[in-house]
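**Student:** For reference, Swiss-Prot lists these features for the protein:
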- THR62, ASP80, ASP100, ALA101, SER117: S-adenosyl-L-methionine binding site (BINDING)
Amino acid sequence: MNRASLEKNPHEVASMFDGVARRYDLTNTVLSLGQDRFWRRATREALQLSPADKVLDLAAGTAVSTVELASSGAWCVAADFSVGMLAAGASRRVPKVAGDATRLPFDDGVFDAVTISFGLRNVVDFSAGLREMARVTRPGGRLVVCEFSTPTNGLFSTVYKEYLMKALPAMATAVSSNPDAYVYLAESIRAWPDQRALARRIEAAGWSDVRWRNLTGGIVALHAATKP
């Protein structure tokens with residue numbers, strides 16, 4: 001299986017990410033034109049972490065995002081359902097756990113904060129995933145979802161869609177070990193809810209005080225929420 005369908009069979013999606021793990025970080029930096037570093041930093045800042053916090057970084061992949069979070073001094077664990085991705089990040093000295101976002105291997109209320117970056121689109125039932133994130137977060141704890149979204153400027157949105165469907169696959173062919181995975185990426189972004197619709201889904205999953213902030217003109221949005 002080289003490319004997961006938008007039906008998101010969990011085993012196929014995990015296999016797809018296993019296949020791109022070796023060059024995943026480099027590919028992301030190239031395809032985002034270096035914006036991935038800014039997005040990781042913005043996610044950390046939105047969580048407002050302290051050294052006393054316990055943080056779950058879900059869909060952490062190679063744990064590059066977890067290392068960014070841990071720079072705050074908080075205790076952070078990387079979780080991902082792609083064993084290949086976790087293995088590719090073996091040199092990063094943070095705790096790592098293999099796990100499914102809809103069945104997390106953690107007790108209730110053990111985390112002060114939970115975050116997921118560019119992974120919610122890949123969860124077979126992302127509303128169930130959001131509920132599971134709420135389960136493992138203590139009352140008053142924080143959620144930050146960093147995800148591709150909908151550009152707010154009409155002209156920019158048109159240019160971005162052209163990039164997604166034409167330029168991105170061509171660039172992925174040059175730098176990725178599995179270019180088909182990035183065709184799936186483009187298609188899944190186009191099918192994803194916009195900022196307001198995602199905020200409603202987060203609230204429906206049991207989170208409160210849901211708000212969002214656009215990054216890079218709305219290419220990415222940070223949704224933040226609180227566990228009641």
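Glycine too: its Cβ is placed from the backbone N, Cα and C atoms.
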**Student:** Which residues in the same chain, at least 6 apart in sequence, have a Cβ under 8 Å from the Cβ of ASP80 (S-adenosyl-L-methionine binding site)?
**Tutor:** PHE17, LEU58, ALA59, ALA60, GLY61, LEU86, LYS96, ALA98, GLY99, GLY119
**Student:** Can you count the other CB atoms that lie within 10 A of the CB of THR62 (S-adenosyl-L-methionine binding site)?
**Tutor:** 26
**Student:** Other than its own, how many Cβ atoms are within 10 Å of the Cβ belonging to ALA101 (S-adenosyl-L-methionine binding site)?
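**Tutor:** Step by step: centre on the Cβ of ALA101 (S-adenosyl-L-methionine binding site), count other Cβ atoms within 10 Å, giving 24.
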**Student:** State the three-class DSSP label for THR62 (S-adenosyl-L-methionine binding site), counting H, G and I as helix, E and B as strand, and everything else as coil.
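**Tutor:** Note: THR62 (S-adenosyl-L-methionine binding site) is coil by DSSP, not helix or strand.
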**Student:** How many other Cβ atoms are found within 10 Å of the Cβ atom of SER117 (S-adenosyl-L-methionine binding site), counting all protein chains shown?
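**Tutor:** For SER117 (S-adenosyl-L-methionine binding site), the count of other Cβ atoms within 10 Å is 25.
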**Student:** At its widest, how many Å does the recorded S-adenosyl-L-methionine site span between Cα atoms of THR62, ASP80, ASP100, ALA101, SER117?
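**Tutor:** So the binding residues stretch over 16 Å, Cα to Cα.
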**Student:** What is the Cβ neighbour count of ASP100 (S-adenosyl-L-methionine binding site) at a 10 Å cut-off, with all protein chains included?
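**Tutor:** If we count other Cβ atoms within 10 Å of ASP100 (S-adenosyl-L-methionine binding site), we arrive at 17.
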